[in-house]
Amino acid sequence: MGSNSDGYLVPCAYCIALLDFISALLFAIISGVVFARHGHWTALVALIFTIFWMVIIIVLMAGIYRRKLGLVRFWLVFTCLGILLDGFILLYGLTLAISVNWEGVKITVLPFVGLAVEMTFVYIIYLLYLDMIDYSATETPPDEKYRERSGCDVKYAEEEEKPLDRKDLKRMEKQAKERMKKDKAVLKKLQKQMRK
């Protein structure tokens, strides 16, 4: 990958995946202990969800290691949906409170801080994802579409070169200058877009 991603994004992504896996493992242990002691169905649902969460994190690690966009994208989508759901549940819980309990508010702030940290993690993984897109786009040449080839392979035979007369050379020079002007205009336009 490019220097940007190998410099700091990949190690950060591995650290994020490791921290996420450790928190999922701790959550799985807590859910398992609660289910073993009380046998409540919500603890079982939490345990099953946590196992799924751990699989998603393993998918992220595989995506980072193999540079697979689809695997990283899967983790990004799952995590973003999880953040939205957590935020909705936290806001719903706050709005259900009949009176303001400041101790409860202090305790409730901590999950919002956790959501902010998780969003930062998602942003870093998203930067890696964008870098992977840029890298994969420059490394693999675009495939020719099937319809452009009309479904057949054509082999070309080389023709003997004919000597060019002065008119042809002038015409070719003029076409080359026009192409250069167009290319310069396109480059300037791209540079302006990149500055924005």
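Here the Cβ of each residue, glycine as well, is placed from N, Cα and C on the backbone.
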Can you say which of 134-154, 155-175, 176-196 is given as region 'Disordered' in TrEMBL?
176-196
Number of helical, extended and coil residues in the region 'Disordered' (176-196), per DSSP:
20 helix, 0 strand, 1 coil
If you count every Cβ pair below 8 Å, which range out of 12-35, 41-62, 107-129 shares the most with the transmembrane segment (74-95)?
107-129
